[in-house]
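Q: The structure under discussion is supplied below as C-alpha cells; questions concerning it will follow.
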Amino acid sequence: MAAIPTIMAASELYTKYARVWIPDAEEVWKSAELVKDYKQGDGVLRLQLEDGGEIEHKLDPQTKNLPHLRNPDILVGENDLTALSYLHEPAILHNLKVRFIDSKLIYTYCGIVLVAINPYESLPIYGSDIINAYSGQNMGDMDPHIFAVGEEAYKQMARDERNQSIIVSGESGAGKTVSAKYAMRYFATVSGSASENNVEEKVLASNPIMESIGNAKTTRNDNSSRFGKYIEIGFDRRFHIIGANMRTYLLEKSRVVFQADEERNYHIFYQLCASSHLPELKILKLRSADDFHYTNQGQNPVITGVDDAKEMSSTRHAFTLLGINESYQMGIFQILAAILHLGNVEVKDRDSDSSMIPPNNGHLTVFCELMGVTYQDMSHWLCHKKLKTATETYIKTIPKLQAINSRDALAKLIYAKLFNWIVDHVNHSLHATVKQHSFIGVLDIYGFETFEINSFEQFCINYANEKLQQQFNMHVFKLEQEEYLKEQIPWTLIDFYDNQPCINLIESKMGILDLLDEECKMPKGSDDSWAQKLYNTHLKTCALFEKPRMSNRAFIIQHFADKVEYQCDGFLEKNKDTVNEDQIHVLKASKLDLLVELFQDEKATTPTGAPAGKRVLSVKPDKGRPNQASKEHKKTVGLQFRNSLNLLMETLNATTPHYVRCIKPNDFKHAFTFDPKRAVQQLRACGVLETIRISAAGFPSRWTYQEFFSRYRVLMKQKDVLPDRKLTCKNVLEQLVQDQDKYQFGKTKIFFRAGQVAFLEKLRADKLRVACIRIQKTIRCWLARKKYLRMKKASITIQRYVRGHQARRLAKFMRRTRSAIIIQKYQRMYAERTRFKRKKAAALAMQCILRAYMARQHYKRLLRENKAVLIQKMVRGWLARQWYKRSLEALVYLQCCVRRMRARRELKKLKIEARSVEHFKKLNVGMENKIMQLQRRVDEQNKDNRAVNERLAGLENSHAIESEKMRKEVTRLRTAEEDAKTNANKVTSLLEELARLRLELKTTQSEKKVIEDWAETYRDEMEKMVSELKEQNGLLKNEKDDLNRMIKEQSQEMTEKMQRALQEETHQLETDLNEERSRYQNLLTEHLRLEERHDDLKESLSVNVPKPGHRRTDSTHSSNESESTYISEFAESEEGSRGGEDMTRGGDMSTFLKMQKRVTELEGEKHGLQNELDRREEQFQRARARDDEEHKKARGAELEYESLKRQELDSENKKLKHDLNEMRQLLGGNAGANTSAPGSPAYKVLLDQLNSSSEELEVRKEEVLILRSQLVSQKEAMQHKETMTEPMAYAVDIHKMKDAGEITQAYMGLKDTNRLLESQLQTQRHSHDNEVEALRGELHGMKEENNRQQQLLAQNLQLPPEARIEASLQHEITRLTNENLEMQNTDDPAKFREYRINVIRRMIDLMEQLEKQDKTVRKLKKQLKVFAKKIGELEGGQVESVSPGQTVDEPIRPVNIPRREKDFQGMLEYKKEDELKLVKNLILELKPRGVAVNLIPGLPAYILFMCLRHADYVNDDQRVRSLLTCTINSIKKILKKRGDDFETVSFWLSNTCRFLHCLKQYSGDDQFMKHNSTKQNDHCLSNFDLAEYRQVLSDLAIQIYQQLIKCMENILQPMIVSGMLEHETIQGVSGVKPTGLRKRTSSIADEGTYTLESILRQLSAFHSIMCQHGTDPELIKQVVKQQFYIIGAVTLNNLLLRKDMCSWSKGMQIRYNVSQLEEWLREKNLMNCGAKETLEPLIQAAQLLQVKKKTDEDAEAICSMCKALSTAQIVKVLNLYTPLNEFEERVSVTFIRTIQTRLRDRMESPQLLMDTKMIYPVTFPFNPSSLALETIQIPTSLNLNFLTRV
C-alpha cells in the first residue's frame, strides 16, 4: 500500500507514543502504541496494545517494512478516504468503522467512489428536505450522500451536455437496489417532468414491479435483486425527465424451481397467494404458499415486517400506472398461478426408463385451464421427448428425473419469457414521446461473489465485475492524469493493476466461454470433458488459471479481488438452457392471448418506445424465418451474456461514470454492526483499495495555498509572511520539509506525498504544545499570585471581623445580665400577685355556687306549687264539662222520645181522617164544598199550631237560660268546696315539707364540705388543664401559621399554574390562528400558481385567439357580475394583445394538442350545462306560459293602449337608429372637408342630433320603466276579476241510443238540467252585471290614473335626467306602497298571496327589462363617445387649418366656464377614456426608485383612492368597479413582469397596503374612524360598500408579500452559508481542518465569497428600501423575522449536513455571527419583532458545539438547554462533532446514547432539517394615515395632467 518510509521519516515518525496498525486474526487490524523510539536496524518493535498488554512485533528480515502508521485522531472520520494522511487498508477500514458505528454515517467518499454501508435500518435522510438541501450544491460542499452523486451527475449532464452513468455495485444484501432507487427518486424530484403524463411517477412506479418479479428473499437479504438492470432516464433540452428505458441482465431463473433453506421464490408468487381471497383472483385456484412446491422449499415463506397482500396492491397499482390494463394483469396472474400449479404436478415412475403423470391430475388440470392448452398434449410431452434423425423422427419416453427436470425447465422458460415481456411493456410505457437530448443511466448490478460452491452464475457475475473493474481503473487513472496536468505537475506513470489478462482468459478465442460453447455443441459433451479441455489449454499457459489439488471437476481463476474456485458441475446444462420444443409448440397453440404473445417472434413484441440498438435485456436470435424456430435455444447463455455485457461497456464508455460501492457490514442483518473481515473482503473486491493505491502512489493530499496558509500559520514567523500567499507557502515548505520530492507546487494547489500532512500536523501540534506550556506557565503564575493576594486580603478581613465579633459578644453579655435581674424582680412580683388572685377567685366561686344552689331550691318549690294548682283547676273543669255533656245528652234524648210519640199519634189520626174523607167523597160527591171548608179550617189550625209551637220554643229557650244559670251556680259552689278541701290538705303538706327541708339542710351542710374539697381539687385540675390548653393553643397557632403558609403557597402555585395554563392556551390559540393563516395563505399561493399556470396555458392556446378588436358579449351576461373576477375592458385588451403576440411565437405541438383536447372537453361540459340551463328555462317559460294563458281572455281592450305605447317606443327606437346612421353618413362624407368646423351647419346639425338622441334615449328609458310598472299593475287588477265561466257543453248522440226508454230518460234528464242551468244562468247574469258595473268604475279610475301618469310623465320629461330618474322612482315607490297597504288590508289570503307572487314576477320582469335597456344605453354611449372623439379630432384639425386672420371673423362658441371650488375635497376626477392612461402612467410605467426618493410614500395609493372617491361621489358603480379591477390587474401584471426586483415588489407591497388602509379608514365603519380627523370623516365613501374589495386587496397583498419573501430569499440564499459558516469573521479562531478535501475537477466553480458583512449590508439595503417606500412598521418586522428565519434555517441545515463545520471553534464563530445579527436588530430597533427567536435553534446548536460533552450532568444540561432542537438534530450534531486540534476530544458513543435515552419521551417531528420554504403567516394591522387628502399635490413628473382636482 504505502511507500516504505525513508530513514529520516522513520526516525521522525516512529518515535515513542507513535501509534501503528498491526495485523490481527479477528479484527484484521489492531491498533498499538510504540513503547520506545525506533532506531535503524531494529528487528523488533515494542508495542503496547489498547487493552494495556505489551507485545513485540517482529519485522520482516527481508523487506524491513515497518507497520502502517495510524492517522491523527483529528483525521479520523473524514468524509473522503483520500483525504487521510496515511492511505492504507487499516486506515480506510478504521475510518469507515468510526463513521458507521460512532457517527451513524453510512456514506463515505473514496475519491470518485461513494462507499455506502447498509445500515439495516430505516434512516430519515432521504426526505424531500434533504433532496432540496443537496440540490444545486457542489459535491464536496456537503457530507457524502447518494443525492450528492445524483446532483453531480445531473450538473455534469447539464453543463457538459454529456450522458452520465451511475454504477451501483455490491454483493447481495449490500443495498444496491435501494441506492439505485434513491438516485432515481432524486432525478425525478429535482428535474420534474416536461409533460403532463407524470413520467417521473412512472419511472418510480417501475420499482415495485421489478422488485416483485425480480427480487427474492435470500439468506443475505430480504429483498435481494436476482438480476442486473441498467435504467436510462431520458431528459429533454431543458433537462426535464421525458422517459426511461430499462435493460436487464442474467435473471436467476433457477430460483423459480428451487430455493435453499431460509430463502424464498420471487415475491410475486407470495403476493398472489396472500391475495387469493380476492374475488377477481378466485379463478386462479390458489392457496397458501406452503401448499406449492415452488414456494415452500425454503421453509420460511414470511418476511418479518412485510405484508404480501399490501405489496400485491402496490404492484397492481404500479401495473395500472404504467399502462398494463386489467386484462393483461389477469393474464400475467394466470401464467404465474399456472407456474405454481405446474410445480405441484406429480410425476411417477412407469419403469426405469419411462415415467407418467396420473390421469386427471388436479394441478395439471388447473395449469391447462389457466394456460388454455389441452391436458392430453401437455401430460404427454412432459413425459416424452422427440428425437430427430436424418430421415425419421422418434418419440421416446424419459425417466422420472428427466421429466421433472423438463417440467422445471418449462417453468423457468415461461417465467423468463413473462419477465422479458413485462420489461418490454414497462419500457414501452416509459418511452419518451419527444426526442431525447441526454440521459443518465443507473446500473444496479451484482458485485463480486465468492461462495463455498461457485457455479455458472457466479462465473458470469465475476466476469461482469472484471469488465467493470477494468473500466473503473481506466477512469480513475484518467482523472488522476487530468488533475496533474491541470495543475502542471510533472506526470509520472503510476503502476496499477490491469485485469485485461483475466478478461482474455474468459472471453478471448479458446477462452473459457469459447471452450464452453464448443463443448455444448458436442453430441456427447459433458462437464468432465470440458474441464479437461480447460486444463489442457490454460493450465500451463496462463498464470491466472489454476487446478485444485484434490479435484478434477473444478478450476480456479485469480480475479482482481480474490481467487475463486468454480465447480464444473452444471456448467453445460446452464449454458445450454434447453427446453423441449414440443412443449413450446403446445404453449404456442394456447387460447390465452398473452401466452401466445410471449412465444411469438421477438420483432412483434418489441415495444415501439424502446430503441432498437439499445435493447439488450435478453439477447435472442432472429426469428424472421420460420425454419429457425428450433435454433432459438441453441444460442448459449454465455454468448448472450457476453454480447449484452459488451454493449453495456460501450454505453458506459460513452458516458461519464459515477461509482457507488455498496458494502454489507455483517451477514446477520443486524443494524449498525460492523464485521471487519467481511468489510475488508468487499473493499478489496469493489475497487476501493485500488483507488486508494493509485492515489497513494502520487500526491494524494492536495491543499490550496490559502488553506495551507490558514492551517500552518502557527509554523511561520512574522517575517516569513508575505503579501503573496503562494510565495509564502513555498518559503515555509522549503524550511519545514527538506526533501523536495515530498511535495509539488501546482497552479492553485500544493500536492503532498502520503504521510507529509501527518508530519506537518506533528510539527504544528508540537508548536502548539510548546505555546500551550508557555501559556499555562504564565497563567498559573498569574493565578498563584492572584490566589496569594486574595488569601492575604481574606486573612485581614477575618481578623477584623473576629475582633468586632468578640467586642459585640461582651457588650451583649453585660446587657443580658442586667436584663436578667429586672426580669427576676418582675417575675417574683407577678407570682405573688397571681397566688393572691387565685385564692380570692376560689372564695368568690364557692360563695357563688352555694347561693345559686339555695336559690334554685326555692325556685323549684314555688314551681311545684304553681303546677299542682294548675293541674287541679284543669281536672275539675274537665269533670264539670263531662257531667254537663251527659246531662244535655239525656235531656235531648228524652225530648226526642216524647216528640216522636206525639208525632206518631198525630200521623195516625191524620191517616184515619184521610180515609174517612175519601170514603165520604165517594159517597157524597157534593160534599166538596164542605171539604174545602174543612180544609180551610185545617189550615187555620195549622197556623195556630205554628203560633203555639213558636211560644213553646220561646219557653224552652227561657228555660234553657235559667237552667244554665242554675248549673253555673252549682259549679261555683262545688269549686268553693274543693278549695276548702285543698287548703286543709295544703297545711298538712306544708308541715311535711318543713320537716323535709330541715333534713335537707343537714344534708346540705355535709355536702358543702364535700364541695369545698371538690372545688380545691377542681381548681388544681383546671389550672393544669389551662396550662395544657395554652400549650395546645401554641401548637394550634403554629399549625395555623403553617396551614396559612401552605394555603398561601398553594394559592400562589395555583395562580401560577392558572397563568401558565392561560399562557399555554393563549399560545395554542395563537398557534392555531397562525396555522389557519398559513393554511389560507398557502391556498392563496396555490391559487396564484394555478392562475399563472392558467395564463401560460392560455398563452399556449393563443393561436386560436382572434385578433384584438371589438368583442361581442353574451346578451344574457349580467352587468352585475362578481367584483372578484377582475374582468375589465383593459384586461381584455391586454390579454388580446398578448394573445396576438403569442400567435407569432407558436408553442409546443404536443402541449397544444393536449390543451386543445382539454378545451374541447370543457366546451362540451359547458354546452351540457348550457343545455341543462336552457331546459330549465324552457320549463320555467312553459310554466309561466300556462299561468299567462289563464289570464289572457280577460285582457281585451284594456291592453290596446299599452301595445300602442310599445309600438311607439319601437318606432322611436328605429328613429334613433336612423339618426345614428345619418350621423355616420354625415361624418363619413365630411371627414376631410372643412365645412365641419364649429359653427357650420353640419356641425350644428350633428350636435343637435347628438343632444336630442341622448335626451330621447333617457326619456324612453324612463317611459319604459313607468309603462312596465303600469302594465304590471293593470295585470294584477285584472287577475282577481276573472271567473271560471267556461260553458259546459253536454252533447249526447241521440243516434247511439237504441230504445225509446233511454230517449225518454235522457229527455227528462235534459229538462232537469235545463232548469238547473237556467237558474245558474240567472245567478251568473246578475253577478256579471254587478261585475261589469265594477269594471266600468275601475276602467274609469284606470283612465284617470292613466291621465295622471301621462301628466307626471310630461312633467318628468321636463326635468334633468338625474331628477327625472329620482322622481320616477319616488312615484313608483309611492304607488307600490299604496298597493301593498291595500292588499294587506284585504281579508282574502289567497288574493294577498297572489299579489305577492305578482310583485316578485314584476320585479323579475323589471330587472330583465332594465338589463336590456342598460346594455342598449351602454352600446349607444360607446357609439356617442366614438363620434365625440371623431368630432374632437375634426375640430382640432379645423382649428389648426384656420389662419389667425380668419379666426377673428369666426363666431365665438360659448365656453362652459367651471365654477371654482372654494375648498379642495380630496378627490380627483378623470374621464372614462383616461382610465387606461391613468393605470399606465401610475402603475405600469412608474419607476419605484424616483417615487420613493422624491415623493411622499404611498403616493400612487393616495392618487388611486382619490380617483375612487370621485367615482363614489358621482355614484358611478361601473367606474368604481372598472378602476379597482384595472388597478388590481395592473399590479399583478407589473409584478409578473418585474417580480424578481426587490425594490419593485417592496414598492407595490407598500402601496397595496396603503390603498387597503385607505379603503378601511374612509369606509365609514366606526372601528376604522377612531383616529380620523373631522375632515377625514367627511371624506368617507358615501355610496358604495367596498368590503369585498378590501378582502381582494388583502389577498393581493399576501401574494405580493410572499413574492417579496421569495425574491429576498433568492438574493440571500447564496450569501448565507458562505457568510455564516465558511467565512472566518474572527480571524484565526476556526482555522482550516487538515482534511485535504478537494473540490472535484468537474464541479462548478464558486461564484464568489460572501462574508457576514455582505449579509448585514444586504439586510440594511432591504430595510432601507422598505422604509423609503413607507412600508408599515409592523410589516417590516414580519419581513425581518422571515429574513432571520431563512438565515437560521439555511445555516442550521448546512451545519447538520457538513461534518467539517461541527467543531468547537465553528460554534464560537457562529455565536459571534449571531451576536452581530442581534446587534443589527438593536441598531434598527427591531429586537421585539421576533426575529431573534427564529435564530434560537442555530444558537442552541452553536452552544451544543461548545459545551462539555462527557458526564451525565453535561447530558442533563444539554437536554435542558436545547429546547428548540429536535432529538434527531441534537444527536446528529453530536455524531458530526469533529475536533480540529489534538486537544479536543470526540463525543463518546455512550454519551450520545445517554442523550437519546433522556430525550426519548419528547413528542416532536422526526424531520432532521428545518423547512427553508416555510413562510410565516402575514397580517396587515390597520395603520391609518394622518395625511389629509386635500393637501396632496400631484407632481408633473407623473404625467397625470388629465386628472382634475375636485
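Placement of Cβ uses the backbone N, Cα and C atoms for every residue, glycine included.
So TrEMBL lists the following for this protein:
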DOMAIN    15-67  domain 'Myosin N-terminal SH3-like'
DOMAIN    76-765  domain 'Myosin motor'
BINDING   Gly170, Glu171, Ser172, Gly173, Ala174, Gly175, Lys176, Thr177  ATP binding site
REGION    606-635  region 'Disordered'
REGION    645-667  region 'Actin-binding'
COILED    917-958  coiled coil
REGION    1099-1148  region 'Disordered'
COMPBIAS  1116-1127  compositional bias 'Polar residues'
REGION    1163-1197  region 'Disordered'
COILED    1325-1430  coiled coil
Q: What same-chain residues, at least 6 away in sequence, bring their CB to under 8 Å of the CB of Ala174 (ATP binding site)?
A: Ala116, Asn118, Gly447, Cys662, Ile663, Lys664, Gln682
Q: Say we define neighbours as other CB atoms within 10 Å of the CB. Which of the binding-site residues Gly170, Gly173, Gly175 has the fewest?
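A: The binding-site residues Gly170, Gly173, Gly175 were compared, and Gly173 has the fewest Cβ atoms within 10 Å.
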Q: Counting every protein chain present, what is the number of Cβ atoms, excluding its own, within 10 Å of the Cβ of Thr177 (ATP binding site)?
A: 23
Q: Using a 10 angstroms cut-off on Cβ to Cβ distances, just flag whichever of Glu171, Ser172, Lys176 is the loneliest among these binding-site residues.
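A: Lowest Cβ count within 10 Å among the binding-site residues (Glu171, Ser172, Lys176) is Ser172.
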Q: Whose Cβ lies within 8 Å of the mean position of the Cβ atoms of Gly170, Glu171, Ser172, Gly173, Ala174, Gly175, Lys176, Thr177, the ATP site, other than those residues?
A: Asn118, Asn221, Ser224, Ser225, Tyr446, Gly447, Cys662, Lys664
Q: On the 0 to 100 pLDDT scale, where does the domain 'Myosin N-terminal SH3-like' (15-67) sit on average?
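A: On average, pLDDT over the domain 'Myosin N-terminal SH3-like' (15-67) sits at 85.
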Q: May I have the DSSP-based helix, strand and coil counts for the residues of the region 'Actin-binding' (645-667)?
A: 9 helix, 8 strand, 6 coil
Q: Mind checking how the domain 'Myosin N-terminal SH3-like' (15-67) divides into helix, strand and coil residues in DSSP?
A: 0 helix, 24 strand, 29 coil
